[in-house]
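I have placed the structure first, in the form of structure tokens, so that the comments after it can refer back to it.
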Amino acid sequence: QNDSTDSPQSCLDGSCYSMSAATAAYMLFCLDCVSPIESSVLQSPVFTKQPGSIVFPVDSQENNRDVVFSCEAQGSPSPLYRWKLNGTAVTPKSGSHYSLSGGNLRISHLNKDQDAGTYQCLASNSFGTIVSREASLTFAYLGNFKTHRRNSVSVREGQGVVLLCGPPSHSGDLTFSWIFNEYPSFVKQDTRRFISQETGNLYIAKVEPSDVGNYTCVVTNTVTKTRVQGPPTPLVLRSDGIMGEYEPKIEVQFPEIVHVAKGLTVKLECFALGNPVPSINWSRVDGIPFSRKVDVRKASGVLEIPYFQQEDAGTYECVAENSRGKNTVKGKLSFYAPPHLIEKPEDVQKPIDDSLVWECKATGKPKPSYRWMKNGENLESLELSRVDTPMEMFANGALSISRLTLSDIGMYQCVAGNKHGEVYSNAELRVIAVAPDFSQNQLRSPTMVKEGGDVLIECRPKMSPWGVISWRKGSEALRESHRVSILDNGNLRIQNSTRPDAGLYTCVARNQFGVASSSGTLMVKEPTIITTAPSTLDVTVGESIVLPCQVTHDPSLKLMFTWFFNEQLIHFGDHGGYFEKVGGQHSAGDIMIRNIQLRHAGKYTCAVQTKVDSISIAADLVVRGPPGPPTSIHVEEISDTTASLSWRPGPDNHSPITTYTIQARTPFSLGWQAVTTVPEVVGGRSLTATVIDLSPWVEYEFRVLASNAIGTGEPSKPSKQARTKETSPKVTPANVSGGGGSRSELVITWEPVPEELQNGGGFGYVVAFRPSGATGWMQAAVPSSEASKYVFKNESIQPFSPFQVKVGVYNNEGEGPFGPVITIYSAEEEPGRAPTRIRAKSLSASEIEVSWKALPWNTSKRRVLGYEVSQKREKEEAASVQRTVGNQTSAIIRGVTGSNTYYITVRAYNTAGAGPPSVTVNVTTKKPPPSQPPVKVMWNTLNSKIILNWEQVKALENESEVTGYKVLYKRNRHSRPSVMETNTTTVELSLPMNEEYFIQIKPFGEGGEGSSSRQITIPRIPGQSIMDCSLTLQ
């Protein structure tokens, strides 16, 4: 758009124009003419600040009587502003008391008679005009009371009275108070006295003598903050007696209906005269209790409800009551809300001759009514009835324009209002008129279709209004037929295409603003045909197969093959590498399935696609394999050694089941084991079998495997656990032996019978024994299946006496057999004498040699099986003990420390225990060996000799002296070293040629061997050559 000129602006092919709305009768909008930058800058007016109502306090002493109404709008071009007062234009002129600053209206030298009223701001640019909300200017003032004196009011004591305030003329809210006699003695409100803030009157429910005096009404304007006092009203008592009691008479009451806006605070007044003084109580007629926000104050004369909401609406009752009776007054609080828009019209851009419906909805109570404005003026019914502008406004707020013209362009406003206010919503209407244009939607070229196929050639020009579409083939107008038709939207449809249909097609678009065309080529191609016949293929698990997909097609088109398995796309390279493309020719899409599994059975579809058509063919693949697992395995009957089973067959996977195999598992078996059945071979048609040779009283699980000509399938799920019946035991304990123990004991031991061979509960052992040569057996029951030992104790048992022993078994079902008879000796006595001639000698700092004289091997049935040698250092409590076996008479104690004294005893032992200890001997170990290793080791070779030299090792003060050195040498790191001893610090080794050696040197003394030097590696020595090499080790 260009608002600075009335001249046309060329656009593309010259068929589109833009003119200023302010200066042209018609405006054509051409979006393609406006650059993105210009389009983003242009904007219809939108209010950013609207005027608010002003209450101006009238003060005759104020010289600068000015007010400013604010108004601000965004738009491009920048908006121009106008103002209206009570619907009439306000014209700021030189010397006028109206002036404009931007959109703000300043009114100077206010005149309450001329300037009071309703103001509205209008903002306009080339897009149209919008009107602000209404803002009122009112003047607050407070006049003076009439100065004449007021008559006195005469009442009896006990009578009620009303003193009238009669406020002067005013504008703005007032508050009232009363002075009693002289300032600043103000009347205090209580249950007896009440000042109405509606009328200003003072009410005294029951006059008392103390009430006599002058009363003055004080009126304050809350806006101007001015205050005036009325003339005093004298209150006097009559002398004709005291007023008797009477029922309440309500003098202050609220209206029958009070309209309250949402969110405001409402106050209801209620006060009664009476004797005695009435009490005032408030309630809701519907019985709903007051919410916590309700405030009853001023001795119940005022009910205040802040932040009024819908739920606060209802009928309220004031009850005045004393001992003479009661009186009530009721009034209804009616909730109202000013309009609030919930659906607003949005800016629209429509082509010419199109229709428009704008929705406008608002909430409010009472229900809002609606009116529409265009460019700041009401759309009157007279204008809506014009033939060239078929508009219609609906009661629900909608505006309808059935056929848009360029004169409809502008700014529209929906105004929703009720008696409590109005709200405005703006929307811009743009009407577009565009000549046909194909620049954004050229005909697709080339368009391809298969011979015999249908094709749709789209024609989608941009134009407004929509015009007429025609087609040409080549240079001739296109003739429609039963196959060739032009659709209502202008597209061309050709059915059952033939070769002659190929060629150049042109779409021509016309409207009142111009003509345009676009051309494209139609190519008719040979259809694609799959030459492979549908088939069902049969294959065995583990084999490979090729699924063929051969086609004939138009050679100018590229083929794309896609395969599906059970309607799911096959991603080659996934699926574990089973699927592979093998179609080598351009017209072949064959695939191979390698190492086929049962899960590969199903429907395979080959889909072939070109740019003009797509076809598919399906093949069913049957995979034969071992049978699936049988189901429903049940143990029908079970005895002590047999179990009857039943099952149901699983899938045979396209090969009949030939045999079934049964396996069992117990808590004692290593996995699943094959079992013996009757019949021995279970045929493929059998669904029952009996398992034999089971162990009694054992929990079994069974499973079944099916086999066919291809192989054996997966096993079934295990049956529920079933326990075989009990029977008497058959297996006796193994490895029965014994002996040892304490004096007068016969100890018998055995290996417990495993649980799976106990044949029942309550399992135990029967131990039978007798002295060798006796005829009768003594027996004892051992009632524990885990027992492995029985001890018979009797003082009459002689040490080391032979007994015949046998061990049997039993359980709840009865006794089982005894095992074989064996001979066991009773416990023997410990040795009765101590070894003699105890000798101890320190071999080194870490070794002590101990020797003694042996006791006789068998003396009065007191055998000696060996000796215990114990040693400890002085002040040590526990001794270290090592044992010898047999008739050995010496032992070496290792692991002792140097320069320490050890105390040593020896005693004999056998199965009954150890005998008395020998006398104690002591020995002091030698000093520790040298701790320093040999250093500065040097070597050199001559022919096949190695000469070693090192520095003398010096022992420390607490170490034994060095008496010599050991040279250890070996051919490789893992062989045992050879040793050469010397008492000097040099040695000559004669070694074979061409060998590598590893050498270490250790010092030794009477305390043993000391620390070794670092290992030296001697490389191979060449024959008959001299090698001067030396290595010094620190």
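Including glycine, each Cβ sits where the backbone N, Cα and C put it.
Residues or ranges marked as domain 'Ig-like' in TrEMBL: 45-138 (among others).
As annotated by TrEMBL, domain 'Ig-like' applies to 143-229 (among others). Averaged across the domain 'Ig-like' (143-229), the predicted model reaches a pLDDT of 92.
Taken from TrEMBL, the feature domain 'Ig-like' covers 248-334 (among others).
Here the domain 'Ig-like' (339-430) is broken down by DSSP into helix, strand and coil counts: 7 helix, 50 strand, 35 coil. According to TrEMBL, the domain 'Ig-like' annotation covers 339-430 (among others).
Among the features that TrEMBL reports, domain 'Ig-like' is placed at 436-523 (among others).
Residue counts of the domain 'Ig-like' (527-616) by helix, strand and coil are 6 helix, 42 strand, 42 coil (DSSP-based). Residues annotated as domain 'Ig-like' in TrEMBL: 527-616 (among others).
Here TrEMBL flags 629-727 (among others) as domain 'Fibronectin type-III'.
Taken from TrEMBL, the feature domain 'Fibronectin type-III' applies to 732-829 (among others).
The domain 'Fibronectin type-III' annotation in TrEMBL covers 834-928 (among others).
According to TrEMBL, the domain 'Fibronectin type-III' annotation covers 929-1024 (among others).
If you look up TrEMBL, you'll see 711-743 marked as region 'Disordered'. For the region 'Disordered' (711-743), the list of distant contacts is 541, 625-631, 633-635, 638-641, 643, 645, 647, 650, 653, 661, 663, 665, 672, 694-705, 749-753, 757-761, 763, 765, 791, 793, 799, 805-820, 822, 824-827, 829, 911-912: same-chain residues at least six beyond its ends, Cβ to Cβ under 8 Å.
Between the domain 'Ig-like' (45-138) and the stretches 339-430, 436-523, 929-1024, Cβ pairs under 8 Å are most numerous for 339-430.
DSSP places the residues of the domain 'Ig-like' (143-229) in helix, strand and coil in these numbers: 3 helix, 36 strand, 48 coil. Below 8 A, the CB atoms of the domain 'Ig-like' (248-334) and the domain 'Ig-like' (436-523) form no more than two pairs separated by six or more positions in the chain, fewer than 3 in all. By the count of Cβ pairs under 8 Å, the stretch nearest in packing to the domain 'Ig-like' (339-430) among 436-523, 527-616, 929-1024 is 436-523.
Sorting the domain 'Ig-like' (248-334) by DSSP state (H, G, I as helix; E, B as strand; all else coil) yields 3 helix, 51 strand, 33 coil.
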